[in-house]
Amino acid sequence: MIKKLIEQSHEAKKQAYCPYSKFRVGSALLTVDDRVITGCNVENACSNLGICAERAVAKAVSEGIRQFKAIAIASDMTNKYIAPCGGCRQVLREFGTDWSVFLTKCDGSYVEKTIEDLLPTSFSPDDLSDKIINMKNTE
């Protein structure tokens, strides 16, 4: 299953729209019900409006899916494994810490991490609940 997920992330990379950086990224997100949602990066002339491939999570959420088993991330890098940017780590964290992230290279090799590995001591939805409770106690 891991090999197929990685292959799907490399296929998704082919759809990347990256005319500025020429840095293609694809992702394949495995849901708890074994569906695969793919994504790719989509750049914009206004750089900060681009969308990372890992944001396939938004596509999944729009389809009513909120629980995930794994995500594989692919790029054209050969010298090191592709990893999600800080913003994407936080987006992935929104849906838990104990699911797998497969960082890959072009040759299909990979390293498995968890969200917790990539974003230790992260800010979470629970932190917001604690803040709300604490604010009520100070009134």
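Backbone N, Cα and C atoms are what each Cβ position is placed from, and that goes for glycine too.
Features reported for this protein in TrEMBL:
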type: ACT_SITE; residues: GLU54; note: active site, proton donor
type: BINDING; residues: CYS52, CYS85, CYS88; note: Zn(2+) binding site
type: DOMAIN; residues: 1-126; note: domain 'CMP/dCMP-type deaminase'
Fill in the CA-CA distance, CYS85 (Zn(2+) binding site) to the residue listed as 'active site, proton donor', as an integer in Å.
9
Measure from the Cβ of CYS88 (Zn(2+) binding site) and count the other Cβ atoms within 10 Å, all protein chains considered.
23
Residues within 8 Å of the CYS52, CYS85, CYS88 Cβ centre (excluding the Zn(2+) site residues themselves):
ALA53, GLU54, ARG55, PRO84, GLY86, GLY87, ARG89, VAL91
Compute the C-alpha separation of CYS88 (Zn(2+) binding site) from the residue listed as 'active site, proton donor', stating it in Å without decimals.
6
Looking only at the domain 'CMP/dCMP-type deaminase' (1-126), what is the model's average confidence as pLDDT?
94
Applying a 10 Å Cβ distance cut-off over all chains shown, what neighbour count does CYS52 (Zn(2+) binding site) have?
19
Under a criterion of Cβ-Cβ distance under 8 Å and sequence separation of at least 6, what residues of the same chain contact GLU54 (active site, proton donor)?
SER27, GLY39, ILE71, ILE73, PRO84, CYS85, CYS88, VAL91, LEU92
Let me check the 10 A CB neighbour count of CYS85 (Zn(2+) binding site). How many other CB atoms are there?
11
Composition by DSSP (helix, strand, coil) of residues within the domain 'CMP/dCMP-type deaminase' (1-126):
39 helix, 33 strand, 54 coil
